[in-house]
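Pulled from TrEMBL, these are the features on record:
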BINDING   81, 82, 83, 84, 103  substrate binding site
BINDING   104  Mg(2+) binding site
């Protein structure tokens, strides 16, 4: 989708909003990374204060996908840092949404990738490798499933059951 704003997507698709096929996440995320506008198919991950699976996903080829991580909303440590974000950028991920914290903000802000998170935190996560991949998650008041489409810009984040065009 070429530079169409989330507001334009909402205005052009009122029937999808009514049916629930197009949903907006609550505006709780801070913007990180150089790419403020991004979109792509969703890959879901559910972890808690553990970043092993996050790193494993970002080591794969992204192919324009967006990793959406339900970190349980924890504000006690960062589950995403600069090194995995650099790797995600180099592997072709469009973006990363974290229902939790990030660290190495200056490094992340230098990367050409879209990152959204609740806050920054200097403490690192555990390394136990515990979590669930490709499962439905609920973050920012919205249920998100693997394979749905995410659209993000400075106005907010939308989730759609299908790829959209305006």
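Cβ coordinates come from backbone N, Cα and C, glycine included.
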Please work out the number of neighbouring Cβ atoms within 10 Å of the Cβ of residue 84 (substrate binding site), leaving out its own Cβ. 24
Provide, as an integer number of angstrom, the distance between the C-alpha atoms of residue 81 (substrate binding site) and residue 104 (Mg(2+) binding site). 5
Using all protein chains in view, find how many other C-beta atoms are within 10 Å of the C-beta of residue 82 (substrate binding site). 18
Nearest by Cα to residue 104 (Mg(2+) binding site), of the binding-site residues 82, 83, 84, is 82
Show, in sequence order, which residues other than 81, 82, 83, 84, 103 on the same chain lie with their Cβ within 8 Å of the centre of the Cβ atoms of the substrate site. 78, 80, 85, 86, 102, 104, 107, 108
Taking 10 A as the limit, how many CB atoms besides its own sit near the CB of residue 103 (substrate binding site)? 20
Assuming the binding residues for substrate are exactly those in the record, 81, 82, 83, 84, 103, what is the maximum CA-CA distance in angstrom, rounded? 11
List, in sequence order, the same-chain residues at least six positions removed whose CB sits under 8 Å from that of residue 83 (substrate binding site)? 104, 107
When a 10 Å sphere is centred on the Cβ of the residue listed as 'Mg(2+) binding site', how many other Cβ atoms does it contain? 21
